[in-house]
């Protein structure tokens, strides 16, 4: 798959999609609290997507021959890193919820994810959330034209693992996004400086540190989608769609650096 360099009019379309995508997160955040189910949150998001004239491209999506994904969003709790299926079980005080979904508007797609504390969480969960978000900004500053993917990946890995003693997920990576849900290049959160494709203006990337408390091999459950690092572990996820420009990185989704906390 080739790397798609976006034209100015494509970037305008993605910027509009990103604004709407971010607004949907903002709209649903007040409802993230103990007692609400991830199915209810998924339905709120789907209704918001449809209301603004967008599409939920994850519904029916297949990856590598898997069963079609059934929902508009991924709702991943505690040890589930990504691709958790929405459930009617009420969220409990102290859990970590990752909300991740793609959004298509006027033919172009953006990707965004956040981790939310459900009520009061443990100090280690708070630290995991904070480091994961900070890792995004460490990598974001390096998404400069002329840098290589490995430069960004190595910086994220050093920040997460050497400086903070946490674990970068190996089995899932960021990716190009825009014309398709998943495009080249892959953007891992571990690697070596100087390796990988060179960043160029017009590239649009789903940049997404995924971090666990402890080293673990990720396992896919029997549903074909749910990706977990195992009971007793915790994972966090922070993602935005980023445009590479001549002057450096530009956010197409998101706008805040503070860790959001569900009440």
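Counting starts with 1 at the first residue shown.
Any Cβ shown, glycine's included, is placed from N, Cα and C.
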Which of 111, 151, 158 belongs with 175, 208, 239 in the divalent metal cation 2 site listed by TrEMBL: 111
Residue in 100, 223 which TrEMBL records at the divalent metal cation 1 site where 111, 239 also bind: 100
CB within-chain contacts under 8 A for residue 208 (divalent metal cation 2 binding site), separation at least 6: 111, 113, 136, 174, 187, 189, 237, 238, 239, 240
Binding-site residues near residue 100 (divalent metal cation 1 binding site), in sequence order, restricted to 83, 175, 182 and a 10 Å Cα cut-off: 83
Residue among the binding-site residues 83, 175, 182 whose Cβ has the most other Cβ atoms within 10 Å: 83
Protein Cβ atoms within 10 Å of residue 111 (divalent metal cation 1 binding site), excluding its own: 29
Overall pLDDT for the domain 'Peptidase M24' (12-246), taken as the rounded mean: 98
Alpha-carbon spacing, residue 182 (substrate binding site) to residue 175 (divalent metal cation 2 binding site), which is rounded to whole Å: 6
